[in-house]
Amino acid sequence: WPGRAVPAMPGSRCPRPALPVLRWLPRYSRAWLPLDLLAGLAVGLTAVPQALAYAELAGLPLQYGLYSSFMGCFVYFFLGTAKDVTLGPTAIMSLLVSSYAFHEPVYAVLLAFLSGCIQLTMGLLHLGFLLDFISCPVIKGFTSAASITISFNQIKNILGLQGIPRQFFLQVYETLRRIGETRAGDAVLGLTCLAALAALRVMKSRLPRAASAEPLAARISCWIVWISATARNALVVLFAGLVAYSFQVMGSQPLTLTGSIPRGLPAFRLPRFSVAAPNGTIPFQSMVEDMGVGLAVVPLMGLLETIAIAKAFASQNGYRIDPNQELLALGVANILGSFVSSYPITGSFGRTAVNAQSGVCTPAGGLVTGALVLLSLAYLTSLFYYIPKAALAAVIISAVVPMFDAGIFRTLWRVKRLDLVPLCVTFLLCFWEVQYGIVAGVLVSGILLLYSIARPPIKVSEGDVLFVQPGSSLHFPAIECLRDTVCSRALAASPPHSVILDCCHISSIDYTVVVGLAELLQELRKHGLSLAFCGLKEPVLQVLLSADLEGFQHFPSREEAGEALGCPWCSLGMLMSGALEDEPGGLTFVKA
């Protein structure tokens, strides 16, 4: 693992073990144990308060956040390929669950099971490449919008307001309309918790690393500050709980409390595939129909979040991950998690960062985190009664505010303005409904991608012959553009010019392109003109030879093609006398 002196395993050319744990456990070093224990403890102190907060965000009873926080730790120990990643509930996944599970635990648990099945299937079929079709502007638009919607969703708990609707625009309207009903106790405590979390975050980012040469007292001080800043969520929630308990003892309670949480571990059982309703039983098929597009959005966003986090930390720490193995790990974690009443989980950026900064050496740190969550469920749930909702809201807001990337708008304006279109479409529509924003963003990105395929850059240079060079591979949407460009320029010249088609940038073609080239040959031949190909790569040449095109002629170079068409030095002459000019269809060379 990165950052550790790990010798190469003997027999490294042999097939790797099927279980990733067998790749590192046999060479586990005793020196790694204290670091893994420390990292697991730090992540656990972050995971427990976040689990309660994210369950509130998902619209589920708070114990479901804890139910969702331990199975992923244990599964990833066996199946994960990144030492830093931790699986569990996250703000974005909780927001999606709130949208598609309708605040019903039965739907949330079934959604975890079905999402896990989809993710496991994708991993087994090596379909991770499908995530590549979700572009960076779409991801940034979604996460930035989610940061705003999640934060505003928690304003009601900061202010102590009840009965605020879930839809974002209605939330804004109702919150502003009822701002006069703010509970002073909740508001003061919530804002205090936010300020404390922000201060601890800044303190950690600016904390200098203590050198071994410094006095022991200085090193201990740095270590205490680092632990306090790392476990800031737990410390703030603990402080808020003590404040609430003090008010309770004094006989007054100005704060809105979390309330009772059932004690004990969840039962291990199959998720329910039907649910009782006042007018009868809702069958499995109806539940699936109710969740609708969520069955695609939730597993895909879970995969995207997990793999993006794993790749980021693997690159940062100098090791590699296996994306398809990560799909398997996440799928199994969600399936087994549904057996203990978990809602869908994914990789957590915040807790993964805590894990990495704590110096974790292997996925064994997750065992400590999972054990800490189980201990909380078994023995500490009675204490959670006194946790104010305003403190949990502050934890969520502190976690999601960094997801808003204001700089991406400025960056895309400077780098490529066209990418602002899917970014803005995703960003704006996510305020209406998350699924509409993601789907629309992916569609817009797809349209832009298809347009670039359908209108490839084409360089045209006129001399004694027309020299045409497509700038990329040719696929069926592009052949009409190429035909129109060649015919219009070749026949508009006086006299009409024969054509040399330089295929040096073309690595593949399809049958529709072959048909289009055959028609182009025929059309030029009707006007007494020739079409010669040069620079054909072997796969493209084999396709064209197999098609047995009438009048097909190809040459290794431009010069040989020019000689065959009666213009021995036309290629050099065109390059010497060409002037570059922009046209909508691409770059065009015209005779100077």
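Cβ coordinates come from backbone N, Cα and C, glycine included.
TrEMBL labels come from automatic prediction, so no person has curated them.
Taken straight from TrEMBL:
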type	residues	note
TRANSMEM	31-55	transmembrane segment
TRANSMEM	62-79	transmembrane segment
TRANSMEM	109-131	transmembrane segment
TRANSMEM	223-247	transmembrane segment
TRANSMEM	293-314	transmembrane segment
TRANSMEM	326-345	transmembrane segment
TRANSMEM	365-385	transmembrane segment
TRANSMEM	392-413	transmembrane segment
TRANSMEM	425-451	transmembrane segment
DOMAIN	464-568	domain 'STAS'
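109-131 is the stretch from 62-79, 109-131, 223-247, 293-314, 365-385 with the greatest number of Cβ pairs below 8 Å to the transmembrane segment (326-345). For the domain 'STAS' (464-568), the DSSP counts in helix, strand and coil order read 50 helix, 15 strand, 40 coil.
Sequence-distant neighbours of the transmembrane segment (392-413) (same chain, 6+ residues past either end, Cβ-Cβ under 8 Å): 49-50, 52-54, 56-57, 91-92, 137, 140, 143-144, 146-148, 150-151, 154-155, 157-158, 190, 193-194, 197-198, 201, 233, 236-237, 258, 350, 419-420, 423. The stretch in 109-131, 365-385, 425-451 that contributes the largest number of Cβ pairs under 8 Å to the transmembrane segment (293-314) is 109-131.
Only residues 6 or more beyond the boundaries of the transmembrane segment (365-385), in the same chain, are considered here, and those with a CB under 8 A from a CB of the stretch are 36-37, 39-41, 43-45, 47-48, 51-52, 62-63, 66-67, 69-74, 76-77, 80, 86-87, 241, 257-266, 355, 358. Through the fold, the transmembrane segment (223-247) approaches residues 42, 45-46, 48-50, 52, 185, 189, 193, 196-197, 200-201, 203-204, 207, 210, 253-255, 257, 354, 357-358, 383-384, 386-388, 390-392, 394-395, 398 of its own chain, all at least 6 residues removed from its boundaries and within a Cβ separation under 8 Å. Restricting the average to the domain 'STAS' (464-568) gives a pLDDT of 89.
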